[in-house]
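Asker: Annotations per TrEMBL:
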- H436: active site (ACT_SITE)
- S438: active site (ACT_SITE)
- H578: active site (ACT_SITE)
- S580: active site (ACT_SITE)
- 313-446: domain 'ZU5' (DOMAIN)
- 447-588: domain 'ZU5' (DOMAIN)
- 780-865: domain 'Death' (DOMAIN)
Amino acid sequence: MQKMAEPLGLRDKCGEGTSGAPALAGSCLADNRLNLDVYPDGCRRFLQLFKEQQGEVVQVEFLRLSSNDCLIDTTLGSLPHLKHLKSLVLKGGHARDEFGSYQHGSLTSLPPDLGNLRCLTHLDLSFNRLSILPSCILQLPSLCVLLVSHNSLVTLPEDFGRLSKLTFFSAMKNQLKDLPQSIGELSMLQDLDLSENALELLPEEVGSLHNCTELDLSGNRLLSIPDSLANLKSLRRLHLHSNLLVTVPASLASLPNLSRLDLQNNCLRAIPAEIQALPFVHVRGNPLGETEPSPQADKSSTRRLKRHFLASGEGSFTVTSEGCRVVLACGIHFYFPPGAASDPLRIYFRSLTPDPQWVKLRHHDVLLSRVLELQPHGVQFQQEVQIWMPYISPQTPHQHEVVVRTFSGQSWSDLKTRVRRKRKSKKCVAHCCVLHFSWFLVVSRLVQNECKVPAEGTLLFSSVDPNIKVIFPPGVTKEPRSVKLQVLPVSAEEIQEITANAGCRASPLLYLSQDSTVDFLKPVRIQLPLPPGVTGLNLDRSRLHILHGDLEGQTWNDITGEVALEFTHLYAVFEVTHFSWYWLWYTTKTYIGGIAKKVYERLRLYQVNFIALQRKRDPEQVLLQCVPKHKVDPVLKKLQDRYRGPEPSDMVEMFEGEQFFAAFERGISIDMDRPDCVDGRLSFIFYSHLKNMKEIYVTSPVDRKGQAVKGQVSFYRGAVPDSIPEDASRRRKGPDSLWLATLPIKLPQLKPRWDENPGALNGFSFPPLNLGNAETGYLTQANLLSIARRVGADWQSIGLNLGLTYQQIERIGYNNREDLNKQILDMLFSWAQQNSEDPDCVNKLITAMKESGRQDIADEIDAIIELGRQKYSESIRRVGLEQESSTEDSAIAMT
């Protein structure tokens with residue numbers, strides 16, 4: 001939506017001195033325009049001009065000031081004297097180009113006398129902290145353009161309609177919940193932008209805005225819109241996307257001048273045929289699928305896209321030229337538009353555990369999902385396919401952003417990503433568009449600002465800290481090149497804690513990179529804020545150090561003596577020709593490189609604890625988990641009803657993506673054939689936002705029928721990752737340097753097994769059972785008894801997932817209410833008897849175990865079935881041995 005631009009003046013350069021008012025006035029004033037928002041001390045300059053050249057200043061018609069200026073409140077008192085003022089801009093944010101971002105200003109109100117500016121037609125108060133609209137604005141009789149976007153407005157005054165000459169009003173990015181009825185009195189209003197607020201209902205009076213040509217209501221909470229919108233005969237563009245609309249009036253199709261109607265991402269379950277027939281309507285992202293206008297004359301015959309919901313066991317689906325929507329059991333969504341695939345195409349998918357050997361995270365990256373592999377790799381689609389990937393919401397501050405990362409087969413790259421939180425489930429979803437399939441995952445990275453640097457030069461700001469700027473002068477490069485900027489703020493408390501020195505302070509960390517290997521032709525100018533508590537007035541230059549770090553942060557060199565440093569009251573400015581890490585430190589220490597290296601390493605480490613818990617009903621089932629320190633108490637509280645065990649281990653530090661192992665010792669062992677078992681130890685990969693958890697069964701090779709076993713589990717670091725600092729690597733080369741923690745595991749005295757003591761069946765009598773078939777493998781009665789030992793308190797959930805009714809479960813529980821073992825046996829063998837003739841019953845049992853959260857039992861059944869298949873194959877070979885031998889002899893003779 002193109003906004004009405006405010007009047008702009010000639011931005012002549014002001015003199016840098018603080019004296020010489022005539023020169024200052026001459027250089028800042030041009031055609032009754034005074035543009036002072038480009039200067040960090042613009043308000044001081046205005047007050048000086050007003051004091052020394054008041055006769056000229058009161059004639060100003062166009063004035064721009066930055067509301068970030070610390071003198072803005074003082075300056076406001078002088079503004080009512082500018083009786084000829086037509087345009088007043090008091091925006092937050094620094095002077096910037098299209099690559100920069102705003103910083104909210106400090107305005108929370110305006111002086112009442114500002115309402116005396118009878119000539120004022122244009123007022124811009126964007127990017128401030130207004131919670132209510134200042135009453136003086138309603139006193140401005142000539143006001144035509146009002147911008148209050150990016151504030152904190154909750155409501156508009158009831159008499160807002162008094163601004164009868166208003167033609168443009170923007171209140172986007174506020175917190176408006178409703179609109180006054182008087183808004184319908186704005187008869188001259190042409191452009192109304194109320195996007196990204198909290199509107200739930202529109203007054204019918206909106207339909208009285210007969211001159212309105214563009215209306216933006218996107219990003220609100222509207223459930224419906226009034227029929228009176230059909231009265232807006234001048235309306236050309238209507239934006240209603242990203243609301244909660246469940247219906248739209250068909251009368252919108254009769255608007256004579258309408259050229260765009262955006263209904264995307266709503267809850268529309270029915271779209272009137274008149275709306276569907278419009279060639280400019282956009283309805284993607286609604287529950288019934290996208291209804292795209294047909295190029296044929298009969299556009300109302302548009303076909304709805306098919307929706308496919310895949311179960312947990314499925315691993316593929318087919319896409320045709322008609323397009324479709326696909327929802328996987330894990331929550332991943334796909335949208336294939338019509339024509340994306342010219343011929344039917346079979347898509348295969350699987351979810352992979354991230355392996356640090358090929359999932360290469362960058363410094364300060366946080367992994368938020370498993371790896372999604374989509375095949376066939378590299379197949380080019382005719383149109384972009386949309387993917388929505390759920391991810392774990394990161395507990396990272398504002399300097400991080402979420403992106404989808406894809407692997408080309410050689411390297412990882414970040415995709416343009418949009419994120420949103422589902423309203424009902426509160427789950428986070430990352431959205432991207434691709435033309436071919438490969439591997440995908442979701443990560444949180446440092447916020448990245450980027451721009452294309454032309455030969456004419458440009459300016460790049462950090463959106464995390466707008467005080468950090470990179471200025472590229474004209475002639476800095478011959479060919480345009482892309483530059484990326486990332487910032488990592490470091491608090492004074494972190495510096496003090498790590499260095500144990502209250503005198504050490506540091507600016508935010510700045511990382512610069514480019515897509516060219518050639519240095520810039522001219523020095524690039526960098527502005528960094530001075531460390532906290534340091535200003536140009538109290539600065540001791542001997543304590544200030546500019547550090548340059550290599551790409552891996554392994555080496556930090558003090559380059560203070562190699563660059564020309566300039567200082568203002570708040571900033572340090574210097575020039576460089578190549579890019580990497582830059583860090584500004586203020587300390588009495590002389591060798592600061594080693595301290596910076598230690599701090600940088602600690603910033604990448606996570607403090608974690610290990611837990612080892614045993615199921616209360618089945619102590620042989622052990623849960624192992626590595627938990628970030630701040631999550632330990634919530635995790636233990638969640639598990640305390642089902643598990644017990646020792647207190648968590650002492651705190652240790654780990655890197656994102658670091659490998660570690662769990663080893664069971666002193667009489668306790670595990671199945672060595674597990675795929676995640678390496679040299680008798682369980683292998684883990686630590687990712688701070690994924691569940692580093694495994695639940696396994698342990699055994700003891702000693703005779704436990706007479707005594708309990710007091711063993712332990714120890715955690716050890718794995719191979720040293722390539723990307724960790726040298727100091728951390730060096731500390732892990734001594735004796736026991738890989739040991740992390742040890743926790744006790746106690747196995748109680750073993751009771752007789754059901755399958756070893758037939759009397760333990762407690763009166764249950766079943767004929768021999770063989771579930772499955774000889775070729776795929778049997779589950780025998782002995783196998784079921786072994787499985788029953790593992791079930792425990794989950795038997796009801798398993799029974800329901802096997803297809804038993806609630807009544808059956810309740811009856812089994814009541815009939816055997818004194819004995820959990822009887823309940824399990826009754827449930828499992830009753831189901832087995834009913835399904836013994838079903839050739840797919842074993843797969844159903846495995847699926848039920850997975851759906852009940854018992855992957856361990858599902859794996860055990862898989863192992864039993866695989867062993868049965870092997871025995872069956874061996875028996876076939878033995879029976880056909882003579883025939884196979886003669887066949888082989890014939891083949892040899894022929895050769």
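For all residues, glycine too, the Cβ spot is worked out from N, Cα and C.
Locate each feature and note its surroundings.
Answerer: Taking Cβ-Cβ distances under 8 Å and a sequence gap of 6 or more within the same chain, the neighbours of H436 (active site) are H377, G378, V379, Q380, F381.
Applying an 8 A CB threshold to same-chain residues 6+ apart, the list for S438 (active site) reads E373, L374, H377, G378, T406, F407, S408, G409.
Contacts of H578 (active site) defined by a Cβ separation under 8 A and a same-chain sequence distance of 6+ are given as D519, F520, in order along the sequence.
Long-range Cβ neighbours of S580 (active site) (same chain, at least 6 residues apart, Cβ-Cβ under 8 Å): Y511, L512, S513, H548, G549, D550, L551.
Restricting the average to the domain 'ZU5' (313-446) gives a pLDDT of 87.
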Asker: Treating G and I as helix alongside H, and B as strand alongside E, what does DSSP give for the domain 'Death' (780-865) in helix, strand and coil?
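Answerer: For the domain 'Death' (780-865), the helix, strand and coil counts are 69 helix, 1 strand, 16 coil.
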Asker: DSSP-wise, what's the residue breakdown of the domain 'ZU5' (447-588) into helix, strand and coil?
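Answerer: Tallying H, G and I as helix, E and B as strand, the rest coil: 14 helix, 59 strand, 69 coil.
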